Amino acid sequence: MNADLQKERAQATFSVEAMTHFLDGGASKTARRRALEALIAADPIFNNDDNPYMHRTERHVRAVQKFVHLIRLCRAWGIHGKDGEIVLDDDFPTLLAAVADDFPTSLHWVMFVPNLMSLCDEEQQQEWLPLCRDWKMIGCYAQTELGHGSNVRALETTATFQSESEGGMPGGSWIIHSPTITSAKFWPGTLGRTANHAMVIARLVDGQGIDRGIHNFLVPLRSMEDHSLLKGVETGDIGPKIGYNTMDNGYCRFDHVQIPRRNMAMRFASVDETGHYTKKQVSEATSKIAYITMMQVRAYIVNEAGKHLAQACTIATRYSAVRRQGYSSAGEELPILEYKQQQYRLFSMIACSYGFFFTGKQLLHHLQDIQQKLVHHQSVTKQIVADLHASSSALKSFTTMIAANGMEDLRKACGGHGFLQSSGLPELVTTYLQNPTVEGDNHMLPQQVLKVLLKVVQAVSEGNVAAYAACDAYDLVPSLQVLLSGEKETCPASWHVDDLDVHYHAFRHRAAALLIRVAGHLQEHSDQMEQAWNDALLDMAKASAAYAQFLLLRNFLQGIESSSLGPAETAVLKDLSRLFALYWMEQNMGDWLEDGYFTAEHVQQIRTGVLQLLGKIRPNAVALVDARDISDFRLKSALGRYDGNVYPAIMEAARRDPLNQHDIGPGYEHLKKLIVDGVGAYRGPTSRL
């Protein structure tokens, strides 16, 4: 064990094990997670040591092998959830994290199965879900096209009804077709080489030739016997990406592919054997369940943001405690963790990772609570569902951007060694980089957020906010009421930076003020709304981020207060919440100064407070990342090892490189022409070309 890390751990002021149990949800859950992780780490099929040296084709095939082995183990271990559905078992997410490699099959349970469950009728589910459960049907979600992504209304793939009398199947068919090159499905994960079915998003053209807009269709891609492509289907992998290269993100073109009429997802609409289109009359609760099911993916992304950021924090913090550079006045070489700029970069991201934990937990719980209410026919208003959409959209946009940018800065904080694949950081960063784009581009989502929040502003101005009482946005009402009345809110002059209540009010004020700015601009230019909306996009992005920060701080504080942690653990979490608040105040200071909420004196207090908090958190830095309990197997990092033996690990990784397997390098056959044969020797002047 490295002596520097031993010293760091000895000075912690709280129980690391108690914090780990809290993060896991209890001591028994920690024990279960560790037991499952140990089983995975001990199995040679799951070994990741050679991952950095493999071609992406090898990585993909190896990842498929690992997944099939994992499914086999789940069946053997009795991990199969309700009715044998492995992906619904409580242990399944733990096992996925334990493997520490990305599976090409993941879109099957992340998007494909939820679509079947939310958009298909009972008869369809009874036919298809058992095939998914038994891994006979492996699917993906094929929405994005080469020429269109977030703009769903512009998708070009068509599904045209064909009656039996016109050559269709018994009962009628759909002809799935890609009419242009830009209509090719492009980017869906699992599509390229793995899936044998796709939930294809296409324009429905009914028997009367009427375009009914976007609908979902279950389209077979490959034979369930030998995986060969079916007639009229062309799929493939889209090629190497910046990261996430175990995943076969794919392209697909359809050349008049015929599928049964009943392969249209028919929970909310149907087409009969004559091609007649009907919108089904379903209960409001049923439609909301389907909508919320799709929001779960976004909530999952928010929850995962903190986990990925925590991995980078663990690597960078442990390495910063071991790496020495510069000297003290006494001539002692200093760990780089002693430098304030390093602490600022690391501790602010540790604070964010913990803050994201509380919000991810709260968001998932909120979704589950609403689902249960709907299942049991309890009232859930449209305002609550819309509010959840706004919260999840704002949080997805903000947390993934901060996680992606933060992880890259933490890589840079490790200096040159952070550039090594063996540091674990390059793959961690580049694999994560998809998240700011998937499930709603981070620069597009703020518009969705503002469409909901502007209605709250209007409700406050009309004095009719009761419908929002159970919503996240309702917490903005006190500041909205003050500001809309023409009064001002200001920070108390005697404020102490440790006062979490003042932090809360400051973030509430900023979110409310930026919302009112957007509302005022749109109202002022309502006669040219399209242009006004476009001009407001920058302010919308700021308002959405401010709202996300408010929710994160609120959930951070509420999560601490509602926990059963001891005084020591509570104290260190409160310090992290204070740093979270002051860090983002400092980053966005202009917003508070612009409307006079803060003064120049407040700015100085905040800067001083940040320095003080860095000093308070410093003794607990390594303990805080240790509490996340990310094993060396999962971390895959020479720099972030628990024992701190960084330099032997770096050298071992270097020696393992296939480029070093022979004394004479593989490029010598070419070098020999220079060194031995003399093709580069100077033999006197020659005429210039």
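Placed from the backbone N, Cα and C atoms, the Cβ positions cover glycine too.
The active site, proton acceptor annotation in TrEMBL covers E439. Summarising the annotation, TrEMBL assigns FAD binding site to T144, G189. Here TrEMBL flags 15-138 as domain 'Acyl-coenzyme A oxidase N-terminal'. According to TrEMBL, the domain 'Acyl-CoA oxidase/dehydrogenase middle' annotation covers 140-257. Summarising the annotation, TrEMBL assigns domain 'Acyl-CoA oxidase C-alpha1' to 291-454. Under the heading domain 'Acyl-CoA oxidase C-terminal', TrEMBL lists 500-672.
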| remark: Within 10 A of the CB of T144 (FAD binding site), the number of other CB atoms across every chain shown is 19
| request: Kindly report the helix/strand/coil residue split of the domain 'Acyl-CoA oxidase/dehydrogenase middle' (140-257) according to DSSP, in that order. | output: 9 helix, 48 strand, 61 coil
| query | Could you give the Cα-Cα distance between G189 (FAD binding site) and E439 (active site, proton acceptor), in whole Å? | reply | 12
| said: So if I draw a 10 Å sphere around the Cβ of G189 (FAD binding site), how many other Cβ atoms end up inside it? | reply: 26
| task | May I ask for the distance between E439 (active site, proton acceptor) and T144 (FAD binding site), taken between their Cα atoms and rounded to an integer number of Å? | result | 11
| remark: DSSP tally for the domain 'Acyl-coenzyme A oxidase N-terminal' (15-138), helix/strand/coil in that order, comes to 93 helix, 0 strand, 31 coil
| query | Can you count the other CB atoms that lie within 10 A of the CB of E439 (active site, proton acceptor)? | reply | 22
